[in-house]
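According to Swiss-Prot:
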- His103, His105, Lys193, Asp359: Zn(2+) 1 binding site (BINDING)
- Lys193, His226, His282: Zn(2+) 2 binding site (BINDING)
- Tyr198, Ser332, Asn380: substrate binding site (BINDING)
- Lys193: N6-carboxylysine (MOD_RES)
Amino acid sequence: MALDAFFFIVSLFLLFPSPSASESTTQFCSAGRENGVGSCGVSSTRILIKGGTVVNAHHQELADVYVENGIIVAVQPNIKVGDEVTVLDATGKFVMPGGIDPHTHLAMEFMGTETIDDFFSGQAAALAGGTTMHIDFVIPVNGNLVAGFEAYENKSRESCMDYGFHMAITKWDEGVSRDMEMLVKEKGINSFKFFLAYKGSLMVTDDLLLEGLKRCKSLGALAMVHAENGDAVFEGQKRMIELGITGPEGHALSRPPVLEGEATARAIRLARFINTPLYVVHVMSVDAMDEIAKARKSGQKVIGEPVVSGLILDDHWLWDPDFTIASKYVMSPPIRPVGHGKALQDALSTGILQLVGTDHCTFNSTQKALGLDDFRRIPNGVNGLEERMHLIWDTMVESGQLSATDYVRITSTECARIFNIYPRKGAILAGSDADIIILNPNSSYEISSKSHHSRSDTNVYEGRRGKGKVEVTIAGGRIVWENEELKVVPRSGKYIEMPPFSYLFDGIEKSDANYLSSLRAPVKRVRTEAT
């Protein structure tokens, strides 16, 4: 037994070379690393959830849910089952689809370092917070899409929950165009991201964006944009440095909301010109939200994704005299002044914005200190994978801004629909994957970097308390979070291929045909000879 215990401790050390305080008290199952199965009580193949209120995006009902071998088999009242079934009592609680986070960056090399959360630690944190799938962004290797995909295949090998990939486009040539087609048809990628910021590294020009939009349209893939005017941001950064503003507040001052609004408007107009759907990631300002609202009102297919930090926080933290505190709030686009977050909440509750992500991109305080003397070198990113589901419930459902069905829609179902994996994901329906949470609306939570499951030693939601706690998480038919205990198995997560031509492409061909018929061109002209 002593030898077994020794190897168990060694395996934990290898998984977590830089553990946070919380990881020393949390159980991570390392059994079965080679074949993806374990024996720590997480692999029950039959589960009956009794007496809860089952909530989907379209309705809710009192019903039981029966799961076998990772699939929801039945959703109906008073299900009777035989022996060897794990029974969970959900009386007085909500039974919901597990959250799907459309926007994460795990094991990402960025700004001279790498995010502190890899796929295993980030996903473990997600499961503790009720998120059962995420979609991460693949960054090409020197512009090479295939090399980038292969690198992220390796990064994600230890995954403990299901995940998908978006792909970033950082340059353009015929090879990129061919690789996009291969990734869509053979690798299950149906979305491509274009950065309009980060001049000199990830940023693309308008001509490249236009080529990318055309290629996305032809492939049935969704074009996504990080919308900030990168040239103006670069100028703003120089201006701040010249003024002697080198701290985290300079980050916000150099990238004001107007630059996010301008880039959002530009991307929307170019997408309209090509007639292809557009997804705007991390909408942080009223300026950007207003542009999305105008486009949607006109009938354009534009998706707006706020992130939980932009909905909940404001930028006063960036002026904190303690660099360690201020720097942990640095992300791009920046967290905005008071008023923007509430406006984004209103837009989310009225359908102007469609779903909530996190942009989970974590660095510890040592990494953030890389920009101690120059805000331009502070690694951009905040946490959110573990906190999103709790914060949105407490902030928007408890306040009456959202119903329980709306909550499911913006945290799970709409993401599944947009990325064409519904109803496999995002639903409590017979035949859907058994990714399920049990949320107790009367239970409370408190957020702390000392107890969270991220490897980061900081948390931008430190000390927040609220109501509505995820008490049980089931991922792939396995109970992975229960009684405040996290039990996850490396290599138990699956890569989820996402097919092209989601519902957002419905009607595109017809509108193209209508456009062509409206041109009254080319005009047939009769050549007349001069007399």
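Cβ coordinates are placed from backbone N, Cα and C, and glycine is handled just like the others.
Feature map: annotations from Swiss-Prot on the structure.
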{"residue": "His103", "record": "Zn(2+) 1 binding site", "contacts (Cβ under 8 Å, 6+ apart)": "Ile135, Phe137, Val281, His282, Glu305, Val307, Gly357, Thr358, Asp359, His360"}
{"residue": "His105", "record": "Zn(2+) 1 binding site", "contacts (Cβ under 8 Å, 6+ apart)": "Thr115, Asp136, Phe137, Asp359, His360, Cys361, Gly381"}
{"residue": "Lys193", "record": "Zn(2+) 1 binding site", "contacts (Cβ under 8 Å, 6+ apart)": "Phe137, His166, Met167, Ala168, Ile169, Met224, Val225, His226, Val281"}
{"residue": "Tyr198", "record": "substrate binding site", "contacts (Cβ under 8 Å, 6+ apart)": "His226, Gly230, Ser332"}
{"residue": "Asn380", "record": "substrate binding site", "contacts (Cβ under 8 Å, 6+ apart)": "Phe110, Met111, Val330, Met331, Ser332, Cys361"}
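With a 10 A radius on its CB, Ser332 (substrate binding site) counts 21 other CB atoms from all the protein chains. In this structure, His282 is the one among the binding-site residues His226, His282 with the smallest number of other Cβ atoms inside 10 Å of its Cβ. Using the Cβ center of Lys193, His226, His282 for Zn(2+) 2, the list of other same-chain residues with Cβ within 8 Å runs, in sequence order, His103, Phe137, Phe195, Met224, Val225, Ala227, Val280, Val281, Asp359. The record assigns Tyr198, Ser332, Asn380 to the substrate site; their largest pairwise CA distance measures 11 Å.
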